[in-house]
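> Shown below is the structure under consideration.
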Amino acid sequence: MTRLFIPKDAAALALGAEKVAAKVLAEAQARGVDVEIVRTGSRGMLFLEPLIEVETAEGRVGYGPVKASDVSSLFDAGLLNGGAHALGIGRVEDHPYLKRQTRLTFARCGIVDPVSLADYAALDGWKGLARAIEIGPAATIAEVTASGLRGRGGAGFPTGIKWKTVSEAPADRRYIVCNADEGDSGTFADRMIIEGDPFALIEGMAIAGVAVGATRGYVYCRSEYPHAIKTFNEAIAVARAAGYLGPNILGSGLAFDLEMRTGAGAYVCGEETALLDSLEGKRGIVRAKPPLPAHKGLFGRPTVINNVLSLVAVPHILAKGGEFYASFGMGRSRGTMPIQIAGNVRFGGLFETAFGLSLGEIVEDIGGGTRSGRPIRAVQCGGPLGAYLPVSQFDTPFDYEAFSKKDALIGHGGVVVFDDTVDMAQMARFAMEFCAIESCGKCTPCRIGSTRGVETVDRIRAGVKVEENIALLEDLCNTMKFGSLCALGGFAPYPVTSALRHFPEDFAPRHAIAAE
Amino acid sequence: MGGTMSGASNWNAERAAQIINEHLGLEGPMLPILHALQDEFGYVSADAVPMIAKALNLSRAEVHGVTSFYHDFRHEPAGRHVLKLCRGESCQSMGSEELARKFLAGRGLEWGGTTADGDLTVEAIYCLGLCACSPAAMLDDELIGRLDAETLAEAVDTVSI
Ligand SMILES: Cc1cc2nc3c(=O)[nH]c(=O)nc-3n(C[C@H](O)[C@H](O)[C@H](O)COP(=O)(O)O)c2cc1C
Ligand code: SF4
Ligand code: FES
Ligand code: FES
């Protein structure tokens, strides 16, 4: 019996993994050979998906990207013994794309069967939770604080401090809420980990529960991720049946249980207070702070709300110690960041590494430049509210503070590459349009300003009173930046002003006329 | 959420009441109810609004406010198949806007529109988390990455009757 591994990660499925798996099975049957196909998450080398791996004496050997029509020739080449083939990449873990990474959060993703407890336990699963239970709430929070972990959802707030606040808030009940809304274009790390290693999120949330004295958790996942939702619900059922969730987790006498909830296509529901309102069954309108969710969160109770990646970093931090995690990174950005390389790029995928790589290294060395083969012109970091960086800023290190010095965002770690055919005035328009579509409507600068922004960019592109309208647009951006309650209206100006500053030629009248 | 519309059943108040009831034990049952109704019927009928309001002890206006806030909930049935084309920045960097423009024009559709034969509804979506294989789309429950005009037409023709 030979074991084969084929991802069922959504991106692999979108590239035909299901057909490939069916073909492999059919081919094996036709040839009378015995194979077991394990469906895994993705390794994150999305340019190689669908990637087939075969277990051999030398380790797991890979082939990709495989089309169903390649399968027969793969068998001819001795796929089951790791035979040579044009699609062969050798031992998967030796692939330079993986070798250059530091995988802490994504250590198991793409390797294990996502809902196999045996696989999870074999690769250090539940060790963090066991230790949290052993050392107790205060010491658990101290480990997370020592790790220097900052929220991976965008704002970069220290996770340990958030947990401490919740643990100290008097309450009859506390909640753990996981933000799996992942609305930023260019990001897919939350999706990948939920599909590829869901027990890690369950363990992270259980640790948070132990740390702050919460017995109930919710994962709020965007509806655009049906596969993640399905896998996670399976994982919850398996974990509960085995006593990792429920009234007596790991025999500790402590209770913790979880439920997954589905969002409904509103970007603003990624904002933590809008998310809480949405979970409560209301419209997703941003709440004014204070009170902080840590004091009055879900149903008015003290609530830890953290991004998926923040929570998945925690089991590792508890198992290996906060100091170990903190030994990676630079400045006040400690640990690793799962960077998502996307857009018009040759080697798109997930690249987890310590903070500090330069943007140029990320998109050129690792990403391999554009997929179109044309020169890179701009890179948008941090999603729809993040700045566009020009090539002249490629020396910027991937670090919260270094980015913020350039009026840019790391956000959730998405990096979207554009080639030289991009029209930056059009991208500025889109930023405003997106804000108008997704605004929760609570503040005027965001709700009305964004629509005015679209109209103003349209006038500029049409060559109407260009200088005046550019001044107006900058003014509008300022009003939104300082007059909005949350970062949707507050940050939507960043892509606009960065486009104006770094690519002024795209707003010039000559260009507007030439483009029409 | 996606779903083959051909699997949706016709509006049925009794069935709707049953669905609403099944969710009343949850904390914050509103969104789970709306999703379950849409999964069953393909849209959230205006007839469901007073039923939900009564069950959750809310005003009709409050329930209506929720159903209209979220982009996912439809207020009328969609076509037999639903195509969601991604318009996020990453997909734009790979030419999704041009692809969509041509596709819509070719079928005589606007965003959100349904073909005259009721076969296909085309909606915009902002990121499917497939940004390393842009442009991306979801056709009913099927995800498609690295789309071009040819693969898009092929996928749509395959599901069409
Ligand atoms: C408009 C908007 C959208 C957001 N979307 C997300 C999101 O999709 N996922 C996320 O984790 N945080 C998102 N955030 C940030 C959250 O408000 C919050 O900071 C985060 O969930 C806290 O978790 P962390 O400390 O682990 O990062 C968003 C914020 C804003 C203003
Ligand atoms: S800035 Fe926009 S999204 Fe944020 S609270 Fe104001 S209106 Fe709502
Ligand atoms: S509520 Fe009026 S500006 Fe924010
Ligand atoms: S932007 Fe289209 S899949 Fe992310």
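Note that Cβ sites are derived from N, Cα and C of the backbone, with glycine treated the same way.
From TrEMBL, for reference:
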BINDING   B:Cys86, B:Cys91, B:Cys127, B:Cys131  [2Fe-2S] cluster binding site
> Would you count the other C-beta atoms found within 10 angstroms of the C-beta of B:Cys91 ([2Fe-2S] cluster binding site) for me?
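Cβ-Cβ neighbours of B:Cys91 ([2Fe-2S] cluster binding site) within 10 Å number 32.
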> Determine, from DSSP, whether B:Cys91 ([2Fe-2S] cluster binding site) sits in helix, strand or coil.
helix
> If you draw a 10 Å sphere on the Cβ of B:Cys131 ([2Fe-2S] cluster binding site), how many other Cβ atoms land inside?
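The Cβ of B:Cys131 ([2Fe-2S] cluster binding site) has 33 Cβ neighbours within 10 Å.
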> Tell me the coarse DSSP state (helix, strand, coil) of B:Cys86 ([2Fe-2S] cluster binding site).
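DSSP call for B:Cys86 ([2Fe-2S] cluster binding site): strand.
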